[in-house]
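Structure first, then comments.
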């Protein structure tokens, strides 16, 4: 794994080295017929500066270069702001939905320190979006406006192109199990999921239906226990229907047998209840019992949830 990562780092370093001798931004992007979108007319109190990528910026600390430029390409002026916003993307990076996710995100959050900003190529954005957008959608998050790929230049020698997309993913391997069915086995892991879910319910499942590429979990009328109600209203719980986005064709071992009770978590998005995690209820599981008992005293992160989701206003 170390050899593969070294090769990747070397490839990125060669690319960035070549960019040092590049023409100015205005000359180059005029030539390619692309202009960076204005930063909303925002004026900055400080001139651009370069600084080391700190160890407590884990999204980008291992990206392959050591120094970054501020303000970055997302208009963050301070390192504190970068850390706050970047931390919410760590869960997506951990999912390994595309080999170039880190390169793409860090080209925006922690752009390499050169005399002019270097943007990601449109193809890099499109590759990352193709790999990661379906996973984000499964948790109720659309691909964000700030990452729309039309904002970035068509491929040329002076933007950051796809680096590692042709290489196999490194461990942990990409799983074919539905994202909502990947299980945490520790109490802390379960409580993190509970933190980032709008609601948590112990319930029985009457049946499962397939609808436009999604699974619909139809709850039994009785035997429901709201452990975390969140935005759920009486009409939601009376006939509980959970949508498992993009879950029609991927396996979910927990749902192979619908006997017994389930611990389910989810988010309410535009009136629809989206399933984010499902476990078979096991009263002998000490980690699960601990998580359910102490979920409200767990110190949930403020900024962790862009991907798994701080609940949106309802």
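Note: Cβ is positioned from N, Cα and C throughout, glycine not excepted.
As annotated by Swiss-Prot, signal peptide applies to 1-21, with the evidence given as sequence analysis. Positions annotated as domain 'FZ' by Swiss-Prot: 45-162. Taken from Swiss-Prot, the feature disulfide bond applies to 50-113, 60-106, 97-132, 121-159, 125-149, 178-250, 181-252, 195-300. As annotated by Swiss-Prot, domain 'NTR' applies to 178-300.
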Sparsest-packed of the listed disulfide-bonded residues (178, 300) - C-beta count within 10 angstroms: 300
Residue 149 (disulfide bond): nearby disulfide-bonded residues from 50, 178, 195, 250, 252, 300, Cα cut-off 10 Å: none
Cα distance (Å, whole number) from residue 195 (disulfide bond) to residue 178 (disulfide bond): 20
Cα separation, residue 50 (disulfide bond) to residue 60 (disulfide bond) (Å, whole number): 15
Cα-to-Cα gap, residue 113 (disulfide bond) vs residue 159 (disulfide bond), nearest whole Å: 14
Within the domain 'FZ' (45-162), residues counted as helix, strand or coil by DSSP: 46 helix, 11 strand, 61 coil
Distant-in-sequence Cβ neighbours of residue 121 (disulfide bond), under 8 Å, six or more positions away: 152, 153, 154, 155, 156, 159, 160, 161, 162
